[in-house]
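Some notes on the structure that comes next.
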């Protein structure tokens, strides 16, 4: 009897791992119907008879993003919000532009792994492993180099050159999501209590208030 319970437990674990990604399409395509108000895990399919080429098309990745901001970077996403035909395919891409010494600040993608390719410039990249080790794994990438960020882990990029840099990221979800750590912690609405953040970061509450004022 115990062996049967063990077998069932293993099957349950295997099934949960197998389903821990975007669901696979059961037809040729499932173009997202943005006008449909029905709430599902993903997006409702558009009538296949109404599908056209533009549902699978996006133009603009050749255009540089505006990096005139506090962090010196710009992300141009191409996910299911931009290409309705990505619905149910479990993929998306993004272009990232970096000003000299600009950063794509520490963030996570809760629903996707990422593979980054440097098109121009020189980038320092890295990610941090989960508790309790919190090990930083980092490397400097040159043009043509590729680096992988595992799903859910905090990661970042920094342009370490004196010219602009460009990268293309491919992600394993039609809607990978982004949680920028600083924005989430210090820019939540409503604010996380300064008492909590002061204790978590081992700083004075006035320091927390100062950080929160920037977000």
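Note that Cβ sites are derived from N, Cα and C of the backbone, with glycine treated the same way.
The oxalate binding site annotation in TrEMBL covers 104, 109, 114. The Mn(2+) binding site feature in TrEMBL is assigned to 107, 109, 114, 155. The disulfide bond annotation in TrEMBL covers 30-45. Per TrEMBL, signal peptide is recorded for 1-20.
Sequence features annotated in TrEMBL and their locations in the structure.
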residue	record	CB count, 10 Å
30	disulfide bond	22
45	disulfide bond	19
104	oxalate binding site	25
107	Mn(2+) binding site	19
109	oxalate binding site	23
114	oxalate binding site	23
155	Mn(2+) binding site	22
Closest of 30, 45, 114 to residue 107 (Mn(2+) binding site), Cα positions, recorded positions only: 114
Out of 30, 45, 155, which of these recorded positions is nearest residue 104 (oxalate binding site) by C-alpha distance? 155
So among 30, 45, 155, all listed as recorded positions, which is physically nearest to residue 114 (oxalate binding site)? Use the C-alpha atoms. 155
Cα-Cα separation of residue 30 (disulfide bond) and residue 155 (Mn(2+) binding site), in Å? 31
Neighbours of 107, 109, 114, 155 excl. site residues, C-beta within 8 Å of centre, Mn(2+): 108, 112, 127, 149, 153, 154, 176, 178
Could you round the CA separation between residue 109 (oxalate binding site) and residue 45 (disulfide bond) to a whole angstrom and send it over? 25
Taking the centroid of the Cβ atoms of 104, 109, 114 (oxalate site), which other same-chain residues have Cβ within 8 Å of it? 94, 107, 108, 112, 116, 149, 155, 169, 171, 176, 178
